[in-house]
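*Asks:* Pasting the feature list from TrEMBL:
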COMPBIAS  B:731-749  compositional bias 'Basic and acidic residues'
COMPBIAS  B:761-771  compositional bias 'Acidic residues'
REGION    B:698-771  region 'Disordered'
TRANSMEM  B:92-113  transmembrane segment
TRANSMEM  B:125-142  transmembrane segment
TRANSMEM  B:154-174  transmembrane segment
TRANSMEM  B:186-205  transmembrane segment
TRANSMEM  B:225-245  transmembrane segment
TRANSMEM  B:257-287  transmembrane segment
TRANSMEM  B:307-330  transmembrane segment
TRANSMEM  B:351-373  transmembrane segment
TRANSMEM  B:379-405  transmembrane segment
TRANSMEM  B:417-435  transmembrane segment
TRANSMEM  B:447-471  transmembrane segment
Amino acid sequence: MVSPVCSKQIGVLHKRFKQLSHNEETLRRDHFNEIDDLAFNPIRAQIIEAFFDRRNFHQNGEGKVQEIGFEEFVVVMSHFRPPSAHMTEEQRGKTRREKLRFLFNMHDTDNDGIITLEEYRHVVEELLSRSGTLEKETAKCIADAAMLEVASISVGHMEPDEFYEGITFEHFLKLLERFEIESRMIIRFLNMDTTTLCK
Amino acid sequence: KGKKTLFQHLVFLEGSVFTVAVASSDQHSPITAHSGSHKATDHGSHNNTGKAFPVLDLNYENVRVPFEISLWVLLASLMKLGFHLVPHLSNIVPESCLLIVVGLLVGGIIRGTGETVPPVLDSKLFFYILLPPIILDAGYFLPIRPFMENLGTILIFAVVGTLWNAFFVGGLLYGVCQIGTESSSILSRIGLLQCLLFGSIISAVDPVAVLAVFEEIHINELLHILVFGESLLNDAVTVVLYHLFEEFSGIGSVTLLKGFLGVISFFVVALGGVLVGVLYGILAAFTSRFTSHTRVIEPLFVFLYSYMAYLSAEIFHLSGIMALIACGAVMRPYVEANISHKSHTTIKYFLKMWSSVSETLIFIFLGVATVAGPHDWNWTFVTVTVILCLVARVIGVVGLTFIINKFRIVKLTTKDQFIIAYGGLRGAIAFSLGFLLNKEHFPEREIFLTAIITVIFFTVFVQGMTIKPLVELLAVKKKQEAKRSINEEIHTQFLDHLLTGIEDICGHYGHHHWKDKLNRFNKKYVKKCLIAGERSKEPQLIAFYHKMEMKQAIQLVESGGGIKMPSAVPSTVSMQNIQPRPSTKPAPERAIPQLSKNKEEEIRKILRTNLQRTRQRLRSYNRHTLVADPYEDGLSDLFLKKQKMFQIEKKMNTYLTVPAPPPDSPTMCRARLASDPQAYSIKPASNKVPMIQVDLASPQSPDSVNLLDEFGQANQQEEEEQGLMMKPPSRPREAKKPSEEDEAKDQQRLMRCLSDPGPSADEDEDGAFLP
């Protein structure tokens, strides 16, 4: 369970929620599509989907919803909360897992718990989609090389006729071990007051 | 072992001979002057046939200055050589200490022979010749991402920390001088302004010393960039304070207005310096756009523009160091996209060479200048200075970290603070600034100089020598040596976009938002102006991927022909393990599927653009009188070969019982290179070597058939796709098949032409404008 955000921050988020949903109770996908700044983002589709993904609501749910309430909005946002100053190693580990789980869910679009080569290729293609030129072949190469690397790191030794199914969550954790995600995947404005511990 | 010691003796002997030569060079001048005049009279009287024609003449005066300079540089380089020959010395003592000791010895020898020691660490020489290469090297290869992420912290340390140090040391020193000593002693005559000036000179952390020491301890990136960044950025503060106090002590009166102007001048100096640097950087980038026909002088532009930036900033009393850093950092992404591979290597090597020699010379000259004096040793002053410097630094760092940690995500621990405080080394900049002091305004100049030298010696020797064991003792995090993987690169980009998106959803314009805006602006307008041709559209991920491929290909060649592909993680996973396997695959279906004409054309076009781009990068060196480097010719083909190597290796490991011979280590390769007189012969256009000219005109070209056939038997299983591979729709079985042996010969020849061994991996150069 992730620790909830502070009341001050919730107030700010609530205001934003109301603004996005035009004072309705729930947010839908088209509300997100109205945000102009998102238009330039190559992975906007995935980001929007992440808000409607039940796996990110911390209730062990699966599948997608069509609209979300404020509570779910806050829960998704809480994934980007910075680590508080007095975390133990265990708490830090938990935060890491949570954030990496969020990323994993973004990649694993078909909910089967594995990122297959196709899904990974899709990720790289989306990343390069704004580059202007259609780089499908190179995107494939890059995804292939990346997959090869994951397989080498996670499994190590494979016979020529064995087949690597895809990246499981454990492999994903191992892959981004050195990535220091708990200090990088943060939105600073959710960190308005580090000295007080939020209850 | 005997040979080694003999060689060491020779080196030192040579060194000492040179120093004596330098010392006694002055003596020759009267003789040559005399003979010079003699010659003049000779020419005057032609009909005086009694004079013999001077077959062998001595005229040292003409070449004196360049000769002496070369001798010094040679001495420095020989010393550098010598230290690494002595087995354990470089582990215990940092190089900077040894070099100072050498300087002391040289100074001692010169003094011993009765000559006056030349004032080698002349401020002009130092600031205009010796310092710029080091700073440019640092600025050009500055890791932008960690620098920008920690910019706030660095600035606070540089500005506030230096100010605190200056005033603390200066003020307390004045107090001690006034109170602690008798009123008749020389110390009590030192005014407050002089003390403050001294404080500002001594308080600046020196980039040269920091670089010299920190490079050897391999500390983690964060601490390195904090201390190093601070040492670079505090130059602005030092310049302003120095001029301010110098001016004040000359005039003798301080008004509030002048103080206020001082604060304004700080901003002018800092921002002006950066602006000058950025301007020259843009000019350099723009110039490099048009250099595709004159590749040979590309590095020259980089050096010239940077040096001009430094000098221009110095004209206006702006911060030259900041100008240089800004120029290097700004021009780098654009210039590197424009210049050839060879120019890139040249720039790297020249910068490293110059900065290395400069650093060595600086430390040697420090030693010599110490012997030269003039000194005025005052126990009180010196000891108080040293103690105050240490205390000020510790208090400053601890206090500032307390404030800074409130704003940082990744807090600085006590260990970090200790290293930052301990790493505050002083160096030659302080000495040169002290040397510049005017004797009339500062009668106590000698006392200052002695104290400065003592502090420098203390920090470099004591702190420099003990920091390494302390780092070990405190178990400070070291630099991570592993290379950046493609997965991390993908996720770095992914995370950047994700965070920008979330910020947009929150409606919060945080620094991701602005960074993204800057990147888009850069891509849309700036890159188009400053980068030539197609390269301007290449996204960073692809550039990274190509670079990685190239590096792997180079590794492949160096490791002796790809018997075992050196990879970060030894594994036997190959491409076929990850390709999705269709459910049933009867044998006849294993033939290559027939491609439609359209698809084929599409693939060909994509491959052509991709491969051409890679080639463009490599084939840019075409000075027609020189030999074309065959290594570069074959490199793009290695891309294709490399993937095939995987298969070969796998098959060999599976079916052969005899293990493959271990590849030669890179050093062996270089040794072979060094002794090979044929290293740079022109590669004849022989058709024994399987040149894989990807002739996309026809799929049936004999060369492409070569490629496939060569590995045809080995490669039973078909893979669906292999990235940059071309698969012609049919596989005719005829045509020549180059044997394994030719393959090996090809590899060997490519290895022989490897012109670029060079220093160990320095991988932090990858990155876009805002990586």
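Note that Cβ sites are derived from N, Cα and C of the backbone, with glycine treated the same way.
Just so you know, TrEMBL annotations never went through curation; they're auto-generated.
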*Asks:* Ranking B:92-113, B:257-287, B:307-330 by the number of C-beta pairs under 8 Å to the transmembrane segment (B:125-142), which range is first?
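*Replies:* The stretch with the most close Cβ contacts to the transmembrane segment (B:125-142) is B:307-330.
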*Asks:* Counting Cβ pairs closer than 8 Å, which of B:92-113, B:257-287, B:351-373, B:417-435 has the most of them with the transmembrane segment (B:186-205)?
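*Replies:* Looking only at B:92-113, B:257-287, B:351-373, B:417-435, the most contacts with the transmembrane segment (B:186-205) come from B:417-435.
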*Asks:* Looking only at residues six or more beyond either end of the transmembrane segment (B:307-330), which have a C-beta under 8 A from one in the stretch?
*Replies:* 127-128, 131-132, 135-136, 138-142, 144, 207, 232-233, 235-236, 239, 243, 268-270, 272-282, 284-285
*Asks:* Where among B:92-113, B:225-245, B:351-373 do we find the most Cβ pairs under 8 Å to the transmembrane segment (B:447-471)?
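*Replies:* Stretch with maximum Cβ contacts: B:92-113.
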*Asks:* Cβ under 8 Å to the transmembrane segment (B:225-245), counting only same-chain residues 6 or more beyond its ends: which ones?
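*Replies:* Beyond its ends, the transmembrane segment (B:225-245) has Cβ neighbours at 135, 138-139, 143, 146-147, 150-151, 153-155, 157-159, 161-163, 166, 193-194, 196-197, 200-201, 203-207, 210-211, 214, 262, 265-266, 269-270, 273, 317-322, 325, 419-420, 423-424, 429, 433.
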